[in-house]
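> Feature table excerpt (Swiss-Prot):
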type     : residues : note
CARBOHYD : Asn56    : N-linked glycosylation site
CARBOHYD : Asn61    : N-linked glycosylation site
CARBOHYD : Asn119   : N-linked glycosylation site
CARBOHYD : Asn124   : N-linked glycosylation site
SIGNAL   : 1-16     : signal peptide
Amino acid sequence: MHCLQVVIAIVLYSFGKISAENANCKKCTPMLVDSAFKEHGIVPDVVSTAPTKLVNVSYNNLTVNLGNELTPTQVKNQPTKVSWDAEPGALYTLVMTDPDAPSRKNPVFREWHHWLIINISGQNVSSGTVLSDYIGSGPRKGTGLHRYVFLVYKQPGSITDTQHGGNRRNFKVMDFANKHHLGNPVAGNFFQAKHED
């Protein structure tokens, strides 16, 4: 009976019906994160190396879970919770990006960043400097599923950046990470969304 409960929890979790806390996200191993990032092409479309940990992202009672599908209406507003395994006193960068703009078949605007915050103290997102305010997903009709990727980078120190934020299209998170010596992302997650009538 216990095995059946675990299977049901995993299925519900993968469809975003229950929170990460209830589904025991300690099961999200580096191998699972790496596998999902490669299976969905985030490696190599967005990053060259998958993060080793999960960033937990919730929109009210819906949880982002390694490629589950959410609607633009469900993610219209900024997430209600964003957390990751942070080191006390460390600074972090959080980015949400869409590599499928305007479509996955024709990503001429790759990437379109939807949210960019630097100098986050620990995992206190509100303590960071917002370079780009949050914009929810909004795929155009006929463009299919888009991947919306959350990445967290540990910073080597405080960042001063005035060049990013205004122009959202053709943003390259790897270029941003290289410019600021961020290395590979320490945590990540993603959902998918398509046009909603």
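Cβ atoms here come from the backbone N, Cα and C positions, even for glycine.
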> Test of understanding: give the count of other CB atoms lying within 10 angstroms of the CB of Asn61 (N-linked glycosylation site).
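Asn61 (N-linked glycosylation site): 11 neighbouring Cβ atoms within 10 Å.
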> Using the alpha carbons only, what distance in Å do you get between Asn119 (N-linked glycosylation site) and Asn61 (N-linked glycosylation site) once rounded?
28
> Could you give the Cα-Cα distance between Asn124 (N-linked glycosylation site) and Asn56 (N-linked glycosylation site), in whole Å?
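Between the alpha carbons of Asn124 (N-linked glycosylation site) and Asn56 (N-linked glycosylation site) there are 13 Å.
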> Check the glycosylation sites Asn56, Asn119, Asn124 for other C-beta atoms within 10 angstroms of each C-beta and report the one with the most.
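The residue with the densest Cβ neighbourhood is Asn56.
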